[in-house]
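These notes concern the structure reproduced below.
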């Protein structure tokens, strides 16, 4: 900050020109001067003292009303008591620092990392420029006092007082000289020498002579202010005297900053009055001198701003009628911009003004020097104002904050008055706003950096502490910004059209980005890792702090975007700084959630939380954990919608993963309980009911969580549903495992009762296996009462599958043990009843595998429970079914037989047309084929004659073209499962004929005759029995082992007409 030369330097210049007869005559001999001891300045608060000063000036600024109810004296007493308390407090002192850049401030180190300096710069001691000819001023003052005393003594009265204090008594010589000596800091010996020299000087001119000389000088003077001024140096001397006396007044009276309101003590008032009178310094020159002196002192020790407002009243009155005068316009144009830092000298380049300055010295009047003195002083006063604005951020209590507002208003009022009256029209008045803005910006940066602990950010390696410090800084900025704008924003806006809050926000924004971005980028760098190995508590703490920092920075950035529009703030891209930290946050959230879920399972007592809620404590804790994870990610509120969708998918996957882990861990805990391993009377354990209730509670909440998470987000719904589906599938698997473990305990009892039911024989079906049915019903009732509907259906399905497994095992073992057909018949009756019990389950009805197993068991029980004749008939039906399966394929490995067949009333008419692609037995053989026709079963068609066609020799495509008719009874006609058996044989001349192939036609496939033209040919696929896999054939073999003659005879016939030899016909064990 530039400093102009003081008034004492002007005195020096004046002395060198030899135009100061007074000072040159009073000049003392050269000797070593002793510096007076500087008295300490008051330590009272600037703002509290200003408040007291304003109260004494009758300024009622207490808007809250806390002081309005008190009298003026009570107000003074109250505030003076507060000032006395503050005086005893030791204020925090900070060194003077010139802020050049944020980097410079960042390089400062704090000795104590917990100490945060937040106090304004202390008011420095008043140090005035010591003029080497100060003795000239001193002796001039002694000279004026001495002759004033002599004049008073001769006239027995005082002259006109400086402060209109005519009623006060005259001063005494000793007290006056002692006061001046102390104020100037002159030793007694020097004082005596100066007093002796002054006494030897002649008396000053009288007022009458002075007035005559003034009238002569006035004829040639361009002075617009006053014709009495002879020398500008008198004004400078008076200004220096004001500074010296005011400095002495402030130090001796211990007057705190902003407290002094312009009132000197009696002696100072008389000394100043005498000096002004003897040197013919009248108004308005005293106002100019006081403005200059007070501005200089205000830089070191702030005074009440009401002084400057009062002085401005006098100065404005002087200029209001003479503003357009050339004598004043030129100095104003020259010095107003300079003092406020606008431009150098606006007269440069103006030919008219430059020519006027070069050609005429008349403009260089004493008034010009006064104006110059005024504007130089105004510049100094402005520096003090800017320093106040610079330090505006420092902390203050409620009363001091209000005082700051009052001071700031007074500053703006003073500046506005100066700009309005003196500033020419062609000068941009917003230039002062630039200076004020720069001062406010620099002060904001300084205050910000002084509240940042650089020692933690730069020297410590503990990332958690570094992040905690950054979080503290952001919170401090948010709180201070809000408070500062609320306190001072309206003051700035009421005087200047500037966006004060936005300006402040931009400064804080750049500073936050400056310190936060590099640290976040450094910490956020992470490596790929396995979550199972992520158990570092320090890393977890760092990730948590990093997330908190993100939240605070987001809050700050969102406020700026909402309040100030689309300005490109430096923190706008804050999310990019944290992108690398997403993986670490994911690991932390997963690891933390899993640990908490495992802990909740460990402490769960497997008992319901209440009568209404059947689930236990771990289910509640787990849902709370899942919601906390969801809230953790939702609070992230990532600004990038694409990235936000990815995060939502990630969260959904994590939530499903946590639920799956809970199902697994809790299910394992329940399985290991004693109740689940009890093999006594069947019942549903309490632990199982609690586990199922927990699973249902979590699965229901999970679906709600997922819906809330993906609402209004562009997420991948298919992948999220896949995550949820996998979790629910695992839930069902775990539930199935628990239920299966419970029901398996009843398997031995069910097997025993089922075996007993098969061995019993009763004519009444309801009496079969009564104990088994009672046991099954009790089990189902228990399951229904203790389980929810969905789990009951699952348990019912498990029980049904277990009974099917028992039946299958029992059938296999019974076949091997050669059980009687009655045993299988009884088992089939039991099986039929069980099917009626379990047939209403939708889950079972839609299970194709289970249904095929049921059909298989039922078929085996039917086969092995049939009598021999029906069993033989079953064999032909099985052959027919096998032929029907081959018909669905395009392959005909043994040829095709074509026939016409229909019913005409009770007459069955069969017309055998031809055969194709007959395959002979053995190599290099020809086919001499014929067809034999039988109706099965023989027992029900005893009167039906067996027919055969003629032999068609030496052809693989024989044309038989023969018709056969069977006369049937009504009972035979309606028998739908009767089979027409076609046996194509190869005629051998020697030995028995050999079967080439077989075909079967069910009565149900034969139509009624309508018209010959409408009858369709029937193509029968020819088959050969080359294996013994038919269950009916196995049952016939099983019947032979029981000694059944009919079965033995049928098997002998079967061997004679098929390709199976007795050695090849081995009945395998039935497998289920």
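Here the Cβ of each residue, glycine as well, is placed from N, Cα and C on the backbone.
In TrEMBL, the annotation region 'Disordered' applies to 24-45, one of the ranges 2-23, 24-45.
Segment annotation: TrEMBL labels region 'Disordered' over residues 195-214 (candidates 155-174, 175-194, 195-214). Assigned with DSSP, the residues of the domain 'MHD2' (766-875) fall into helix, strand and coil as follows: 95 helix, 0 strand, 15 coil. Mean model confidence for the domain 'MHD2' (766-875) is a pLDDT of 84.
In the domain 'MHD1' (544-666), helix, strand and coil residues by DSSP number 93 helix, 0 strand, 30 coil.
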